[in-house]
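Asker: One structure is given below, represented as structure tokens, and several questions about it will come after.
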């Protein structure tokens, strides 16, 4: 099948074809369309459950009928929307209205209409036709059709999708088994026909209050009992407190147990275990790699500081990228697409490099593809004095320190700084030490990559050489090197230190003095930029803590056990002491022990809030120790609000009552402590 035939393009009519493919139809890959499909899938599952209830239990309840008609209206809107939503075929999203309409009418239109037609209206003439309400069960096909379309999308969360499929299969199986189990004993109520149940030798005899009053028991009570039996039979051996008595019930039970074995163990458990094993395998591969790296570093005798840099690098890699590296990530893409991605990602880099000004667009696109991003740990050296390092660096995230000959700080480079551009063209030893002050992501341009392009772009090579030669005389000045040979004219990316004014030219000295006044004003508005974990600055006399410190890890263990004890005691008191059998519990010494224990745990929870305000926040710019930055991160993650709500003393409201009512309301008011369950973390 050719392209012209597939998309109905006639020879010589390319403009018409383009207008057809650009019709105003929604793409099935948009976020709103996906949410709409997910909503339809869930409503289809609800419509299936309601239809089964009406056929097998009671079809005369007005409230259930109202819900069903509302679901029918939603499904009608879904059918209409199918004419306005495109489809994907052979990797191409089709948005032509004519093709969409033709495809839908030829595939799922009749099935969807059959699932919507109100065939139950025929039951008004003949009550025996109540089974026609089962046409809504056809919407189950829509449910699994939508989930199958989600599975084809590469950006769909496979864990959530598997959980959704498993949930739908469980609900459908339980509903079907419960309906057949009930139908073996009773017939549902329809129109003028009332419920009719067998009085002897069936599972209803297990409930004397039901078997002796079959007309008085509600349909919901029987429905819940049937659902309960179906759930325990599908997931167990089928002989709980509700078990088969007659031969037909035994046969149904055997079939349901086989279905449960196939559906639960064969499909659901296999799918979930596969996903869990894949997640564990990713973590396992990373830790095995880390163990091999640790053993090799110990074997070759690397210094402790180098080993620390390696550990911090892989820790950062796991936190931000789950252990995956970006090197070679785009190798499968065509070169033109890789160039577009590189240009979009590294567009600010070459704008800061003044030696690249005036070059044509083709050379800059090729140069963007040569850039690579690396991660540097705090204290890691980028360049040393006397070293011939022919690389240029662009700081994307983090802070970089520049040191002079006597290890004195010359400048702090902020994100957006471009350093070392002259060294790309000339073999000149470095005259300063450049090291990462925080965790940094730095874009690197290597000399060999630049030279490899100049053979194809000789004019660009001449322009770059002239620009580099004009700036070569600045290399002998430490300050000029610290600000990347010209960044002094762009003070937003550099923080100069007061002791860096030695050996300066008059022009550079004037720039420095003006800049110090400018930065003193700017840093008042952005104090977190100049504070990093390397300085261990104190706020209110309390030092900041790393998330991987021993104290923080020990405190997490304390919180884990406090949360576990609190949740256990609160739920136990609510469900086991808040009743008539334990009347007067709060008078005993056990009540006093509970109150003392709960107060101690509340104190620990309050201390935990203050400790969280002193744990440094890891960001792309490194570890921030500023109290404002930590609090903003704590607040934006909603952890602060949950922690405060979990310890809010709602239990004081119980003292408005006396006697037994005080204790009962006390257990209810302390349910906010259950919010602590979100603090439970699985320790590796």
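In case you wondered, yes, glycine gets a Cβ from its N, Cα and C as well.
The model shown is predicted, which means the values in this text are computed figures rather than measured ones.
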Asker: Which residue range, 163-183, 184-204, is the one TrEMBL calls transmembrane segment?
Answerer: 163-183
Asker: Pick from 12-30, 69-87: which range does TrEMBL record as transmembrane segment?
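Answerer: Based on what TrEMBL states, transmembrane segment spans 69-87.
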Asker: Which range is it, out of 536-556, 557-577, that shows up in TrEMBL as transmembrane segment?
Answerer: 557-577
Asker: Using DSSP, how many residues of the domain 'Cyclic nucleotide-binding' (355-454) fall into helix, strand and coil, respectively?
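Answerer: Computed counts for the domain 'Cyclic nucleotide-binding' (355-454) are 23 helix, 37 strand, 40 coil.
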Asker: Cβ pairs under 8 Å with the transmembrane segment (163-183): which stretch of 35-57, 69-87, 250-276, 589-611 has the most?
Answerer: 250-276
Asker: Are the transmembrane segment (557-577) and the transmembrane segment (589-611) close enough to be called in contact, which here means at least 3 C-beta pairs under 8 A that are separated by 6 or more residues?
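Answerer: Yes; at least 3 Cβ pairs under 8 Å.
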Asker: Take the transmembrane segment (589-611) and find every residue of the same chain, 6 or more past its ends, with a Cβ under 8 Å from one of its Cβ atoms.
Answerer: 545, 552, 555, 558-559, 562, 565-566, 569, 573, 640, 643-644, 646-647, 663, 670, 676
